[in-house]
Amino acid sequence: MDQLIKDIDIISGEEAQALDYKTTPEENTGKTKKIYIESYGCQMNFSDSEIVASIMKENGYDTTADFQQADVVFLNTCSIREKAEQTVRNRLNHFNAVKKNKPEMTIGVLGCMAERLKDKLLEEEKIVDVVVGPDAYRDLPNLVNAAEDGRKGVNTFLSREETYADIAPVRLNSNGVTAFISIMRGCDNMCSFCVVPFTRGRERSRDPHSIVAEARDLFERGYREVTLLGQNVDSYKWSPEENNKARLNKKEEEVSEVVNFANLLEMVAQVNPLLRVRFSTSHPKDITDEVLYTMKKYENICNYIHLPVQSGNSRVLELMNRTYDREWYLDRVKAIREILGEECGISSDMIAGFCTETEEEHQDTLTLMDIVKYDFSYMFYYSERPGTLAAKKYTDDIPLDVKKRRLNEIIEKQTQLSLERNKLDVGKEQIILIEGTSKKSEFELKGRNSANKVVIVPSEGLKIGDYVKVKIKDCTAATLFGEVLEINPALA
Ligand code: SAM
Ligand code: SF4
């Protein structure tokens, strides 16, 4: 359990990332200036920082891992829960002390918090020089130049078309084997609890040819796994004439060609059989059987789906405006099991204590978890966000201690289920891709199986980037342990 709980408020991998952060690595290509980026929140944000680094590199900056050395410091922020924003505010206080001794340093707040608070951020946080939303990163060099001349600036324009398709991301914190490719931006869903539609704008899909070119380039550079990223990947829809989802839906008859997510998945899978393909996140209302059959058709599309349910109760789901109910969700899980089998990994996001949720409705979440048997989940308690539909329409009426207790029950359930699911793997032979060294021992490496589970193996004779056939010998709720059977078996 300790492994799962970072903080009793909020749990698990994604939230841990919202509180922790990633920084830029040290790089010295002889450029005159240095930029330091701290990135918070979801994987989309880490991907965006790679675009920001690319834009700044083009404009004379090397990255640094030490903010004391930086001419420009960017915080790429998250607004999803209150705690994430508070973390950034605390961090700004910390930088304040540094800036006192180095007044020429430019400080920028980027991402969702910038978009949400706009120029209020400049008023509230005197240390901040530039505030830039997720669709305005091309303007960063201009804004930084202006800030260097003493002019603070804000650009939170939300675009209907921007996908940064032409910008080759600079891979930050890369293991050289796995990479994320952003395939779309924004979100047209209006889940009542969620701030994302307000901070990231309308849904746009990126040109599939640029996505395939990025995947091919990564493969040629030694990468062996790509994860296609978007808030709602199954809703991906692109045409040469229109990349904005809402507009494309209106003029579908007029366009020359439409590429949907199943088509895109197939195009990326065909780059090379040795390139694994993953994707995240799938919205239960959008995931189609066509996508599931495409996954089945290609061995290199991983057998894993992140399918956030949020709640197991239909009334709460309606209040959340998720546009599906418990039955619909369970029907999608049934389709996954029928088409992709029991071994397909399924994970979820859960919110405990949404407005008006009763004890019985909370129990529905626990029983749904028992039915689906998730391999793992990202679990949160509800945090009201200003401006969202829920903040406007409903009262955040579940006391904090009740939210926390319900969340704990969800975590306990998930821990049991993760162990139960992992035990099913013991004795099985699986192919894993080695991604890095194990945190616990220098004599062990960690890889992932197709279902996205971490497998620890002895390191002897192996290197990062190898495909390895293993036999699973043991497990905990969080990890599988394997014995190496064969290195780089024939996969193609
Ligand atoms: N687009 C993804 C989807 O619909 O599944 C989710 C994106 S969101 C960045 C990640 C998760 O944060 C959500 O699935 C939800 O569980 C959680 N989340 C979003 N808003 C929240 C809020 N106000 N309070 C608590 N958790 C929240
Ligand atoms: Fe937020 Fe819902 Fe969009 Fe996910 S699908 S980003 S939860 S509005």
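Numbers here mean position along the shown chain, with the first residue as 1.
Each Cβ is built from the backbone N, Cα and C atoms, and glycine gets one as well.
According to TrEMBL, the protein has these features:
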BINDING   Cys42, Cys78, Cys112  [4Fe-4S] cluster 1 binding site
BINDING   Cys187, Cys191, Cys194  [4Fe-4S] cluster 2 binding site
DOMAIN    33-149  domain 'MTTase N-terminal'
DOMAIN    173-420  domain 'Radical SAM core'
DOMAIN    423-486  domain 'TRAM'
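With respect to ligand 1, the binding-site residues Cys42, Cys78, Cys112, Cys194 contribute Cys42, Cys194 as residues with a C-beta closer than 6 angstroms to one of its atoms, given in sequence order.
In this structure, Cys187, Cys191, Cys194 are the binding-site residues from Cys42, Cys78, Cys112, Cys187, Cys191, Cys194 whose C-beta falls under 6 Å of some atom of ligand 2. On a Cα basis, Cys112 ([4Fe-4S] cluster 1 binding site) lies 16 Å away from Cys191 ([4Fe-4S] cluster 2 binding site). Counting only the Cα atoms, the space from Cys112 ([4Fe-4S] cluster 1 binding site) to Cys187 ([4Fe-4S] cluster 2 binding site) is about 13 angstrom. Cys194 ([4Fe-4S] cluster 2 binding site) sits 14 Å from Cys42 ([4Fe-4S] cluster 1 binding site), taking the Cα positions as reference. Between the alpha carbons (Cα) of Cys78 ([4Fe-4S] cluster 1 binding site) and Cys187 ([4Fe-4S] cluster 2 binding site) lies a span of roughly 15 Å. Between the C-alpha atoms of Cys42 ([4Fe-4S] cluster 1 binding site) and Cys187 ([4Fe-4S] cluster 2 binding site), the distance comes to 14 Å. Within its own chain, Cys187 ([4Fe-4S] cluster 2 binding site) has Cys194, Val196, Pro197, Arg200, Glu203, Gln231, Asn232 as residues 6 or more apart in sequence whose C-beta sits under 8 angstroms from its own. For the binding-site residues Cys78, Cys194, counting C-beta atoms within 10 A of each C-beta gives the highest total at Cys78. Counting other CB atoms no more than 10 Å from each candidate's CB, the binding-site residues Cys42, Cys112, Cys191 peak at Cys112. Helix, strand and coil counts under DSSP for the domain 'MTTase N-terminal' (33-149) come to 63 helix, 25 strand, 29 coil.
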